[in-house]
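First comes the structure, then the notes that go with it.
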């Protein structure tokens, strides 16, 4: 194996929980990407207007953000975390099964809000648990975790595609002209920005003919093994109510030797780490309590804030680029054919998934700080070249692929880097997940408004500005990292042969 024996031993010992968290993140990805391509069929099912149906986007995104903030509440014990993941993954399967039964847009928005809450809890808890298990070795496992969300996000549109309507799915006397523009309308729909499509007359009354229900039922079945996997982990850890006690698997002789190597005594934590030493990660609201701020230096807060701001920008770029790249391509000066422009969002997400797969082995050889630096510089340079060659359709495709690669590993690398700075005692996971979620929602709305007022060229200008801000905030994070007080045992911890301390033996703990 291309990693050392110590990391391999930790992975083998935590194999079931690790695979479970990866599978739960696959469920997250499956749920996050289906709404865009199926929205027109759901509009027919609910017999609503384009303006009304795009509120379903907003309800999902807003509740995803809320779920990310609240996810840390269930992190206090392992049993709470696993029960929350079981409920969330089961809720996603139920949502897939219930969506075909929603014939009112308000009911559909409520169902998608439930899905958003479940996705937010999954996002926060899965990241937190992997960081807790692997700590200084967590970078590679976080990269794999985020590969699975990309894989799920690629799979759900492929499942939905055979069942999407080729013509308008509400039959009436006025469907002929609208049906010819249906693929263009489908590609142009983004959260709460149907304004540029208002000139298309889509009927709201008539006979509904759509087969999209089959796609949702298939996704419900595909997702069903995920809550089963979480339940099996609960059963193994004897956390199901009808079982008591606990049983941890015995270690092999080689693993036991690795875990019982002499560990030098760690110095008491400095004042910067003391506020979170007892409680570890927590939910966003608990993190903001004044009792947690006593004795903390300004660098403690600065690391949290700058790390969140970097992800606010980079995840915001992912949201706004995937949402508006099609609309930008079909407008002047490029005027790309609708069918060809439709490949751009798929190319973008495909290279994000490919980049996450490549980042799994790379993250073992390269420090998270270096990976984030390459990512933010790559994003900035790509947007600069896109602006320079703004009249080239070929470079638009090349730039889209490049941007997907550079953005792919930013979140897991930043999470691993920030948690390492804070010695796994801050609120980095919750704050960073929340910052990323806010950025993805806010920047998409902001860019949509700017494009509507200033024209399509502003799309690349906004991306360039956001990339520059991400690089600036990352430079501040590096500065605050140098200023952040370190315990005297950090030099010892840097040794690759020494297992992580911080009350962690690499064993899956309650």
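Cβ atoms are placed via backbone N, Cα and C, with glycine included.
Range 214-235 is the one annotated as transmembrane segment, of 214-235, 236-257, 258-279 (source: TrEMBL). For the transmembrane segment (395-417), the most Cβ-contacting stretch among 21-40, 138-159, 457-480 is 138-159 (pairs under 8 Å). Note: the stretches the transmembrane segment (340-358) and the transmembrane segment (138-159) are in contact (3+ CB pairs below 8 A, sequence gap of 6 or more). The stretch from 21-40, 138-159, 370-389, 429-451 with the most CB pairs below 8 A to the transmembrane segment (214-235) is 21-40. Same-chain residues lying 6 or more positions outside the transmembrane segment (81-99) and placing a CB less than 8 Å from one of its CB atoms are 20-21, 24, 27, 30-31, 42, 71, 74-75, 108, 111-112, 114-115, 117-119, 121-122, 125-126, 128-129, 213, 216-217, 219-220, 223-224, 226-227, 230-231, 233-234, 237, 239.
Packing against the transmembrane segment (457-480) from elsewhere in the chain are residues 299, 302-303, 306-307, 309-310, 313-314, 316-317, 320-321, 324-325, 327-328, 369, 372-373, 376-377, 379-380, 382-384, 386-387, 390, 418, 443, 446-447, 450-451: each is 6 or more residues past its ends and has a CB under 8 Å from a CB in it.
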